[in-house]
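Notes follow once the structure below has been shown.
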Amino acid sequence: MDMNVSVGGLQLRNPVMTASGTFGNGLEFAPYGDLEKLGGICVKGLSLKPREGNPMPRIAETPCGMLNAIGIQNPGVEYFVRSILPSLKRVDVAVVANLYACDADEFGELAGILAAEEGVHALEVNVSCPNVKEGGAAFGQDPSQIARVTESVKKRAGNTPVMVKLSPNVTDIVECARAAVDGGADSLSLINTLLGMAVDARNRRPRIANVVAGLSGPAIKPVALRCVHQVCRAVDVPVVGLGGIASAEDALEFILVGAHAVQVGTANFLRPDFAFSLADDMAALLSDMGVESLDEYRGSLVLPL
Amino acid sequence: MSLRDCRNVKVLDVVPVGQSKRPGDFFELVLEYPGWGGWKPGQFVMVRPVSWGPELVWGRPFSICRGDEKSLTLFVQRVGRGTERLSQVLPGEDVTIWGPLGNSFAVEPETPTLMLAGGIGIAPFCGYIERHAAPENLKLFFAHRMPLECYPYAAMTQKAQGQNMLEAQPEDLAGIIDQMGALIREYADGGLVLCCGPTPFMKTAQRFALEHGARLQVSLENRMACGVGACLGCVCKDEKGHHTQVCTKGPIFWADKVEL
């Protein structure tokens, strides 16, 4: 089955991408599978300057999910371009650079640097990280800021497609999606993590140093599906769905409600080879259902009258 | 081809070790050997039974205790949800494992080497002794709170010299610390010291090593989600204060290169 998809100008050999923050720069997972079996890799969030991230502890396990407050730890864009991208370029897979910045101008500057690099096939604008005080959640919850950041990135991105990653921690995600599209987004990815918390009843302490953190994993899939369903019906740009995908059937549910592609996040931690077989498993499941193409299946959810 | 991989293996056996407050608090998990001829003492493996489904999302890291061409043995103490569920797996069950992960302890066969183990921190030293070319140069100092039979101590001290101290009550701690200090001082001149145990135990060893100028390696065990360097959940601070991954840059660090 032809699993090729186009996501707002980004060409993918199949609809399976790995979500930023859960797959390193991709190379960490090379021992566990063929990176060229993936549709794309969204690399760990990048900022202009290196960031140390948040204090420890930063992660906690919860039923069917996990909390994280890593805080965009990364070596900075210059190091990425100089020391990581050359290795990634040798792999025939779409590379999506995930951008994090504190203001719209900085987002634009970062976009300009990365879009100029051969081997960066798209930019994913992270306006939805809940784990940083500056930028992050503040951008993601304000539609006018989302539009402003997106415009700034688009101005500097040239022909490189721009995907905007949205937060579920808002009253109306459709309003945020429209703002991103108004700002020029070529596609959207949703959802980022839900704000959550875990505490230790015995020692009366939060389990994460940041106190609140981002919840991911199978626990959030119903929220993610709802968001993707609502946004796909409201905007004309392609949507990439993510949030709790842990099987081929999970992934197809996102396609069914209208997503063009999916991203796999926390499931990469269930086992490091999880993402590599997902596209084949999706194709097999579609064939079992008698479906001849992804396009035929996409958005074919039958709603009650 | 990489030495590391991920695969499903069968549980061969779950063997209770010793008698503590609750039966089965300590056990050996014996798995089908995954074919990792090149694992080194101090390396670890991520383990996640298939039966966990999505409920427990992470694998759990364990030092490799023993491994031959037939089986891989991990020594486990039941402390949380993961190890509780792991104690309930049955022979024949599928377990996903990935590894061998991380770096390994220094091995200097001709150097007098002191192994400082605290509680469950004894596990990596099983493999260290088994794979060492000159175990007569090894000494194991073992501090523990549970009865000695709960640990694989007796088998280890058949090959290496051993000394153990029980921390039955808080007052025993001072004696253990004094003994650690004396031993580290003894090995400071041309020796090698390796340490694995609770963080306060390793901090104490680090303090003595810096004081006496001993070469010390510590094995860190932080909570981790992936084990492969991607999630950044397990970081510690290096000597410059930068966050660095325990899973890939460790778990073994020279004591003067890491903040505990």
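All positions are counted from 1 along the displayed chain.
Backbone N, Cα and C define each Cβ position, glycine as well.
The substrate site in TrEMBL is built from A:Lys44, A:Asn68, A:Ala69, A:Ile70, A:Gly71, A:Ile72, A:Asn192, A:Thr193 plus one of A:Asn4, A:Asn126, namely A:Asn126.
In three-state terms derived from DSSP, A:Ser20 (FMN binding site) belongs to neither a helical nor a strand segment and is classed as coil. Geometry remark: A:Gly243 (FMN binding site) versus A:Lys44 (substrate binding site), CA distance 17 Å. For A:Gly265 (FMN binding site), the same-chain residues 6+ apart in sequence whose C-beta sits under 8 angstroms from its C-beta are A:Thr18, A:Ala19, A:Gly21, A:Thr22, A:Ser216, A:Gly217, A:Leu242, A:Gly243, A:Ile245. If you draw a 10 Å sphere around the CB of A:Ala69 (substrate binding site), it holds 25 other CB atoms from the protein chains shown. Using a 10 Å Cα-Cα cut-off from A:Thr193 (substrate binding site), none of the binding-site residues among A:Ser20, A:Gly45, A:Asn126 qualify. Taking only the Cα positions, the spacing between A:Asn126 (FMN binding site) and A:Lys44 (substrate binding site) is 11 angstrom. Of A:Lys44, A:Ala69, A:Gly71, all annotated as binding-site residues, the residue with the shortest Cα distance to A:Ser20 (FMN binding site) is A:Lys44.
Between the candidate binding-site residues, A:Gly45, A:Gly71, A:Gly243, the densest Cβ environment within 10 Å is the one around A:Gly243.
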